[in-house]
Amino acid sequence: MMQEEGWILVDQLFLNYQSFLDRVRALADHEYMVDFHFNDMLVFPNSAKGYWARAEHLRAKFFLQNKACLVPTYLLNPSKKSVVLDMCAAPGMKATHLVSLMKNKGRLYAVERDAERYSLLCQYAADFGVIKTIHGDCLHVTDEQVPGVQYVLVDPSCSGSGMLNRLSMPEPVDEERLFKLAGLQYKLVSHAMNAYPNVRRIVYSTCSVHAMENEKVVQGVLRHNCHFKLLDARKELGKEWFNVGSSEEYPGIGERCLYARPEIDLTIGMFVAVFERCAEDEVNEFYAEHEKQKQSYDRNHKNDAYHYVRPTDAVDYNEPTEEDAVQDVPMNYNDERRKRNNNPEPNIGKKKSKF
C-alpha cells in the first residue's frame with residue numbers, strides 16, 4: 001500500500017541503535033523505515049508531515065505520533081484481555097495505542113477531567129469498543145468504578161519542557177510552578193499505587209526534562225510506598241537505549257529511568273519510569289532506607305524539648321490531600337523552597353510536637 005503511495009521502504013537490518021539513528025537522519029523525502037525498537041511503528045522523514053496532513057484516506061489505518069510519546073505505552077505492555085486505566089487520557093493517542101497492543105480485547109478506562117479535552121478523547125475512542133471513557137477527576141476514581149484494573153498509565157500535566165518548540169526557544173525555569181506540578185504528579189502516582197488492589201504495573205511519564213518532575217517524584221513515591229518497586233526501564237525495553245536519568249543525584253533511580261533526548265533520539269523530550277508491585281514479602285529498598293533514617297532521627301531526638309516538625313512523617317501518604325500535594329511533598333521540596341526564599345533554617349515550634 002505504501003509503495004502504491006510512492007514510498008520506498010528502507011529494508012535494512014540494524015545491529016545497533018546508533019546505526020539506525022544515522023540512517024534515519026539520512027532518510028530521503030520518499031523513504032521510510034521500520035523502527036529499531038518497535039516493529040509495528042514506521043519512521044518517516046520530517047518532510048512527510050505535509051503528506052500525512054493530506055492523506056485522509058489513510059487515517060483509518062495509521063496514527064501519526066511522535067515515537068517518544070508511545071514509549072510509555074510499549075513499556076506498560078498490557079496483554080490481551082487485560083484491564084487498563086489511563087488516568088490522564090486526553091486527547092487519547094496513548095489510550096488508542098494501548099488498545100492496539102491489547103488486540104482490542106479487554107477493557108481500557110480512559111479518564112479526563114477537562115470538558116473540552118474529554119470531548120476530544122471521546123472522538124478518538126469512538127472506534128474502539130473496549131475503551132470506556134470517564135469524565136471526572138482521576139483522583140476520585142475508585143476501584144469500584146474501574147474494577148479489576150491491572151495496568152495503570154500515569155501521564156499527567158507537566159511543564160512540557162521537552163516539547164521541541166520550548167526547547168528551541170528556552171524559557172526561564174519557574175521553580176514555583178515545577179514545585180506545584182511535582183506535588184500533583186506525586187499525588188497521582190501514589191493514588192495509582194494505593195487505590196487499585198489488583199494493579200501489577202504502573203508507568204509514569206512526562207514530556208518534561210526537569211528532574212523535579214521526574215526522578216524526584218519517583219524517589220518520593222518509592223520512599224513512601226513500600227509495595228511497589230522501580231524496574232530497569234532499559235531492560236524492560238529489551239533493546240539498546242542511550243539516555244537515562246542521573247545516577248549521581250538519584251542513585252539506584254536515575255539509571256533505571258529512560259529519557260528521550262531530541263538531539264540524540266530525534267524525538268521530543270520524554271521521561272519514563274516503570275513500577276511493579278512487590279512480592280508479598282518484599283519491600284522496595286528506598287522505603288526501607290527511608291524508614292531507617294526516620295527511626296534514627298527519632299532515637300536521636302526523643303529527649304529534645306523542641307524539635308522540627310517534618311511533614312514527611314505527619315501525613316498518611318496512602319491518603320494524600322490537596323495541600324500535601326502542593327506544600328508538603330515528601331521530597332525535600334520544602335527545603336528547596338526555603339533556599340529560594342533565602343531562609344535556610346526552618347522555624348522551630350514553640351510547643352513540643354508529635355510526629
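Sequential numbering from 1, following the chain as shown.
Just so you know, glycine gets a Cβ as well, placed from its N, Cα and C.
Copied over from TrEMBL:
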type     : residues         : note
DOMAIN   : 1-278            : domain 'SAM-dependent MTase RsmB/NOP-type'
BINDING  : E112, D137, D155 : S-adenosyl-L-methionine binding site
ACT_SITE : C207             : active site, nucleophile
REGION   : 317-355          : region 'Disordered'
Rounded inter-Cα distance in Å - E112 (S-adenosyl-L-methionine binding site), C207 (active site, nucleophile): 18
Largest CA-to-CA spread of S-adenosyl-L-methionine binders E112, D137, D155, angstrom: 14
Residue among binding-site residues E112, D137, D155 with least C-beta crowding, 10 angstrom cut-off: D137
Rounded distance in angstrom between the Cα atoms of D155 (S-adenosyl-L-methionine binding site) and C207 (active site, nucleophile): 9
C207 (active site, nucleophile) versus D137 (S-adenosyl-L-methionine binding site) - Cα distance in angstrom: 21
Listed in sequence order, residues with CB under 8 A of C207 (active site, nucleophile) and six or more positions away: A68, C69, C158, G160, S161, G162, M163, I268, G269, M270, F271
Stretch-averaged pLDDT - the domain 'SAM-dependent MTase RsmB/NOP-type' (1-278): 95
S-adenosyl-L-methionine site, defined by E112, D137, D155: further same-chain residues with Cβ within 8 Å of the Cβ centre: D86, M87, C88, A89, A90, V111, R113, C138, P156
